[in-house]
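Comments concern the structure below.
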Amino acid sequence: MTNWSPTVFTRVMLGLAVFLSAFPLYWMVVIASRTNSDAVSVPPPFLPGGNLGENIIAVLNNEDAKFLLGLTNSFIVAATVTVSVVIISTLAGFSFANLQFKGRNALLVLVLLTMAVPLQQMGVVPLYRLMVSLEWTGTLKAVILPYLLNGFGVFLMTQYTRQAVPMELVEAARVDGAATLRIWWNVVLPAVRPGMAVLGINTFMLMWNDFMWPLIVLTPDNPTVQIAITSLNARFSTNYTLIFAGTALSIIPLVAVFIAFGRQIVGGLMEGAVKA
Amino acid sequence: MSLDTLPRATRNNHRRVRPPGRRWASRFDVKGMPYALVSPYFILFAAFGLFPLAFTLYYSLYDYDLAGTTEWIGLGNYTALLGDDDFWRAVINTVGMFLLATVPQMLLALFLANALNKRFRFRLAIRMSVLLPLVTSVVAVAVVFTQLFARDWGLVNWILGWFGVDPFNWRAERIPSWIAIATMVDWRWTGYNAIIFLAGMQTIPRDLYEAAAIDGASRRRQFWQITLPMLRPTLIFVVLNSTIGGLTLFSEPTTFYNGNVDGGSQGQFQTVAMFIVKEGFREFDYGYAAAAAWLLFLLILIGAAINFLFVRRIGGTK
């Protein structure tokens, strides 16, 4: 069993991994809390300064950056998509895991196949043309609609439901006279709540981070937060403190989610992963 | 007791004589409801997945110009792309950055997972902190790294200066720009992949290691001859995932050039995904962009196949 206690080398390596993981984020706070002349000095500053609040207010008040609008838009997009993906996935997951119907396996394989296609890159031209002909470009609808479904979510919830809801439970509820939708609501949803949480967090992060499609379909005057950072970056490319205050603001929701659900994120990743 | 069972008995009784409408409803509930529950996914997929894929194929056979006229040119876009130096440069950039990012990332993630699999204090906290990069926004990270890799006051050049290395102009030259972008990708995904590997490692029975230790196998030997071969399914999953992610790289290189899809002054770090966006949404050549999208898909299939064959060989069949 000596095998399972780490050597000094392993401990040093883990320490280094933790340091490297955290450093760029620490660095973001250092620059965001400094003045612009500090940010471009050599050697660079390594400790936070006292200007964080000031810089954040400057970003929020900057009329060109539209940062507050970006934050609000990203929140609307990420929240809407998360709710939709979680509902669609729990419904389909329940059906695939607990109900019997013709073509079930074939349909599940179809879902898996759709996961392998990089739709975002493949479908970008027609989706854009579709949004143009609907006159939805520049609106949040255009960002939200293509993401309302997610093959990974269906797959994840099918796996999770299979393991969390025994068939006997569903059959018992049916004998008691419950209709399928009622079983979903009263029996399945309470049991798969941890799986829903992991899928929800995952989807929220994915949407908060989405960049390519909003860049194409939105305009800088109605941005998501990622587009707002990019325009900060392009317009104020010499004003590092402003850009870094903006980037620091943009990750606050994600960091909050991480602090609240970090344990579940680790657990969920390990549970959802393909096991050897 | 008898009072308790009475309502149920009447209900069952009632069910036997229920009107035809309710019988139909319950038949639908058993036969039709499963389809109704999976249908939102398939309906939305048809609208936002199948439709775009089919139309990408259709567009790729037409020549669109700025004036809005379209002309059927068959495989013309594809042959033009295969003769387009800019496209090939984007392909080479994409593959180059992919290799530069993925190879070290897989090795680092494996060793990190092996380290995380030991017994030590603050285990959950350390596992969480290696996931921290995943939980930050890609664009924010790219902005930070762009500053770290700045030519004149970047931290990386400053540290390299300690070792007497001349400062690199990370954005101007091809290989340095690939290295900078690959670093961003690795920073973000190594911890994530390590956690997935860790999940796989924890399912390997411990008595295998104990037996190997009794036979005198060193730790290193145990890693190569037990851990790695037993990890093959996880490895396949992670490698395929990284292949799709790596070959569709967009956010990091775009942010590295202030949100511009040119990928540097000479396109030195323009990826295929950026090429598609540039052709489609700046040159308004929808057909050309659509054809490039299908070639990207082909590239991903080739990459996935090569990786799959490669990973399958790891550890071999005994």
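Backbone N, Cα and C define each Cβ position, glycine as well.
Note that the structure is predicted; figures quoted are calculated from it, not measured.
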* Structure fact -> Checking B:62-82, B:230-250 against TrEMBL, the stretch recorded as transmembrane segment is B:230-250
* Structure fact -> Checking B:41-61, B:124-150, B:230-250, B:288-311 against the transmembrane segment (B:87-112) for Cβ pairs under 8 Å, the most are found for B:230-250
* Asked: By a Cβ-Cβ criterion of under 8 Å, what residues six or more beyond either terminus of the transmembrane segment (B:230-250) are in contact with it?
  -> 94-95, 97-98, 101-102, 105-106, 109, 181, 185, 189, 193, 196-197, 199-201, 204, 208, 271-274, 277, 296, 299-300, 303-304, 307-308, 310-312, 314-315
